[in-house]
Amino acid sequence: MTWQGRRDGQLTVGGIPVERLAARIGSTPFFAYDRDLVTRRVAALRAALPAGIQLSYAVKANPMPALLQHLSGLVDGFDVASAQEMRHALDTPTHAGRISFAGPGKTVEELSQAIAAGVTVELESETELARARAISAATGVPARIALRVNPDFTVRGSGMRLGGGPRQFGIDAERVPKVLAGLGDDVDFQGFHVFAGSQNLRADDICEAQRRTVDLILELADLSPPVRYVNLGGGFGIPYSRRDSPLDLEPIGDNLARLMRERVVPRLPGARVVIELGRYLVGEAGVYITRVVDRKESRGTTFVVVDGGLHHQLAASGNFGQVIRRNYPMAVANRLGEAPDEPVNVVGCLCTPLDLLGDRVELPRVEIGDLIALFQAGAYGLTASPTGFLSHPAPVEVLV
Ligand SMILES: *Cc1c(COP(=O)(O)O)cnc(C)c1O
């Protein structure tokens, strides 16, 4: 894990020991995101990828406005999936032309706002294209569009597949030629978007997906107006358990450099080529801090009860689409480095057995009042959790 920061036996976030951070915030639980870790992550990625590749941040991974402000100075664009995400992205210095709006079921209201703002609308269906054209006709603003293509291949190794086979995402590749033939100059055609899968830790599989995506887009480019934008998707994963190894960026960078040099640049000179990432940019930069409220024994098992739970960090309970429940990495944040003492079950404060944050975790002896840190909480954390369930107050989020 990237969380190396510690001082006097305490975890630090942005250089601040967690007890001090808890005192400054005035309450637990909270999410803390480390600004410097995000900066370093983007820098490492830039160093590995060829210069011609632009980076777009997928806002749904973590839409905290302060984080978006920070990222706007680091990445080239934002990918949004709702009108609210779009407003937050437009509130940063990032130019509207560098913002793309993907996702099925965009409403007429969302489409109208995106078209008026000059955001690139990534169309998910033929009927959505018809709606965008109607809005252009009514408002006099040509819609800036890209076609999201549902590829005719699937990506191996993805934690979540979003392309290949029947999908609610994108227009099936075999239907795209007909759609292209029907385009007129009432729309400002930019290019293509393919997003085939998420949370992939296997570099080879990502490379293969990128090769096939480039093949597909170049084939379609023969039939389309000039292509100015190519969105190759992303899906770079992060490790969530000791069994996971971090993604090896080097082969991905080499593969993209070759694809750019040999295929994309000669065929589509001047096109903006984008990789869009959410989890990989912010996931490891966030930690969820909870305080131990109770400790009890029940028939041979020790339960450590914390003041947070799955209502804030659903993914750590294994209920966010995971097939197999595995413990997220965690630590007693105010006593780092102490030897493990006993296996305990770390549970949240909700009245459901689903609220299990750590199943037989080896931790130093945990006492009431200790702080438990759950790592890898920077992406798909708070906003991917059922905060209304049991009506506890929302946790604070800080960028430090
Ligand atoms: C969610 C999403 C992403 C980000 O996926 P990560 O796995 O977080 O990198 C990228 N593109 C689109 C279209 C998405 O919907």
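From the backbone N, Cα and C atoms, a Cβ is placed for every residue, glycine too.
Unlike curated entries, TrEMBL annotations are predicted automatically.
The annotation active site, proton donor is assigned in TrEMBL to C351. Less than 8 angstroms from the CB of C351 (active site, proton donor) sit L390, each of them six or more residues away in the same chain. According to DSSP, C351 (active site, proton donor) is assigned to coil rather than to any helix or strand.
Residues or ranges marked as domain 'Orn/DAP/Arg decarboxylase 2 N-terminal' in TrEMBL: 37-282.
The N6-(pyridoxal phosphate)lysine annotation in TrEMBL covers K60. Sequence-distant contacts of K60 (N6-(pyridoxal phosphate)lysine), defined as residues of its own chain at least six apart whose C-beta falls under 8 angstroms from its C-beta, comprise V80, A81, S82, E85, G278, T383. DSSP gives K60 (N6-(pyridoxal phosphate)lysine) a helix state.
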Mean per-residue pLDDT computed across the domain 'Orn/DAP/Arg decarboxylase 2 N-terminal' (37-282): 96
